[in-house]
Amino acid sequence: MAIYLIVALDVLNGIASLFLLCLGLAIIFGMMKIINLAHGEFIMLGAYATVISANAGVNIWIAMLVVAPLFVGILGLVIERCLIRFLYGRLVDSMLATWGLSLLIIGIITTIYGNTQQGVPTPLGGFSIGSYQSSYYTLFLASMAIVMMALVYGVMSYTRLGLIARATMQNPAMAATLGVNPARVYMSTFTVGAAITGLAGGLLAPVSGITPGMGGAYVAKAFMTVVGGGAAILSGTMSAASLFGAVNQIGAYFTTPVYGEVLVFTAAIVLIRLLPQGISGRFFKGNL
Amino acid sequence: MPFSRRRFLRHSALATTTLIAAPTVFRSGAFGAENPIIVGSLHDQSGPIAASGTPMVYALQLAVNEINAGGGLLGRPLKVIHYDTQSNIQMYSQFAQQLAVKDKVDVVHGGITSASREAVRPTFDRFKVLYFYNVLYEGGVCDRNTFCTGTTPAQTVEKLVPSAMKKAGKKAYIIAADYNYGQITAKWMTKYVKDNGGEVLSTDFFPLDVTNFGTTISKIQAAKPDLILSALVGGNHTAFYRQWTSAGMKGKIPIASTTFGLVNEPTTLDAAESDSILGSYGYFEELTTPASKSFVEKIKKAHPDSPYVSELAACTYEGVMLWAAGVNKAASIDRMKVIAALEDSVAFDGPSGKVSLDKATHHTTRNAFLAEVKDRKWSVLESYSDVKPADTASVCDLVKNPNDTKQYIINL
């Protein structure tokens, strides 16, 4: 019995981390149609911000929950002003530019901190279920995923800010005639997306190996999840993250980690073939 | 100035002569007088493997500087031509060609991963350039043109597994990276577990970009092994040790690894995450012999920011020194003469102790050490002297088949 609970926790952990990793991308790519190939590097920067501030004496929770999103958010703002704002509506160009950006960021971080690994120990401890052990951090990640979901949902549906953002994404010209400044909306949306990605990096820092190239391990899965999820940021990302996270973890448990990875990508191909608009394009049409 | 046909002709004639003469002038000015022996170096100094490659380049420079300070070889100075292969196999092939064809080097030291070695080895065979591979690896390379100075499983894994089993118990669970190093090392681990009367409960392989080890940790718990044997590689896989600790498993099942701590892991992980992990290599920075101390001191003095000075750096240093001893013995830089001299059991007393080349396998007989991580450093528990590369020796005999150029995958 205990083993089922432990596996359920692993699945929960897989889903929560995937959701957190993808939320920022869902906003930047799903809403703004900017292909951000530097997404993995935003995660890496969040992780570095956490590790470096934590090692400099900042409380680990503050480093994860405040420093990481703040740093990557500000950086996102600068990047939007200097690069991204010239690329709205140019899908392919944004892909090339952000790819270059990702190489640049990796290069800069390697130059400053070298290629060796960084890290912080995982806070919280483990607990036991029967004769099995799991970690409280898993539960923390899951609750952070729920908090972020609620936060994005709340802001998007119940605030004026969210309304303006959604309206601008749908029809910038119409929003502009109603007195909204689309450029500013795009800017702040990109900043928020970057900050959320930074937060994901911060949250993953204590449980992953941190090197300048670590973003590469996440970017493909993040895009797969966002595309699989479809247009609705929240319901789409959540449903795709649940599907892929569960397939990965359960697959890895019953076969081997190699097949776990293969199964996820197979599931993604089948999904996109059957639902070209993503999960939300079929089942949650018009949802957030 | 008026422009005349005569002036034009004179100027162009002068220019042409200069152009034609330039190479000879440059050659005699910069190189000709000293006529150096050229050492090629192919190491990754950027990309994911840079942390391994960087100390190797430092060690190679140190060895070359020391040889030059002592008057060079055969009265000629050494000159290094180094290419940063950027953790990219394609760069290896490209630069290997360049070293052989354009730079006309006398020897090449380099290659880090087994894949990179197999990418360049045929090139050096074809162009008849002597090649040294100075990295611990899965064993089996049998090539008269190639010398492998690092340790092989028979030298380290064979010591690691029984010591770990003696401490922990007979049931082992193997986790390894999913490429040739991990696959073959896992086979060796299995063999040594069985040889020592134990049992392998399961062997799991992980692609290099796997970052979430949650299910693996659950599976390990369900299997209830006495011992974990790990050949996980690289930054993403370090996450395993972290997640293992955060699940509260640290200290419940001991871990022994053939890869942990080869680069910087003990200093970057927290003491709680890495304490008491067992490892076995041909060299540890913490060895207290005078030769080892002065070796580490010299590297850290020249490069204060150098990553951990592991077996990779020590073997590179010893590799260059062994080659130099061979050249001196042959009294010639001619490739076949140097090979014949090296085969005549050339030895060198290096940071890891006495290293001698074995004629039949072109591998080294060298010391091996067993150590445990303690407070973010290795603490050496045991040393074994003059361990032979028995794995490769069981399949490779260059005395009988001098034309062999294969890497044998040893059947277990």
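Heads up, the Cβ atoms here are built off N, Cα and C, so glycines get one too.
TrEMBL annotations: computationally assigned, not manually curated.
So that you can see what the record holds, here are the features copied from TrEMBL:
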- A:6-27: transmembrane segment (TRANSMEM)
- A:34-54: transmembrane segment (TRANSMEM)
- A:60-79: transmembrane segment (TRANSMEM)
- A:91-114: transmembrane segment (TRANSMEM)
- A:134-156: transmembrane segment (TRANSMEM)
- A:186-210: transmembrane segment (TRANSMEM)
- A:222-244: transmembrane segment (TRANSMEM)
- A:250-275: transmembrane segment (TRANSMEM)
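Proximity of distant same-chain residues to the transmembrane segment (A:186-210), defined by a Cβ-Cβ separation under 8 Å and at least 6 residues beyond the stretch ends, is recorded for 17, 20-21, 23-25, 27-28, 31-32, 34, 36, 39, 42-51, 54, 60, 63-65, 67-77, 79-81, 84-85, 88, 117-123, 137, 141, 144, 148, 152, 165, 168-169. Using the rule of three or more Cβ pairs under 8 Å, pairs at least 6 apart in sequence, the transmembrane segment (A:91-114) is in contact with the transmembrane segment (A:34-54). Outside the transmembrane segment (A:34-54), and at least 6 residues removed from its termini, the chain residues within Cβ reach (under 8 Å) are 21, 24-25, 28, 60, 62-64, 67-69, 71-72, 75-76, 79, 84, 87-88, 91, 94-95, 98-99, 101-102, 105-106, 109, 113, 118-120, 190, 193-194, 197-202, 204-206, 208, 210, 212-219, 222-223.
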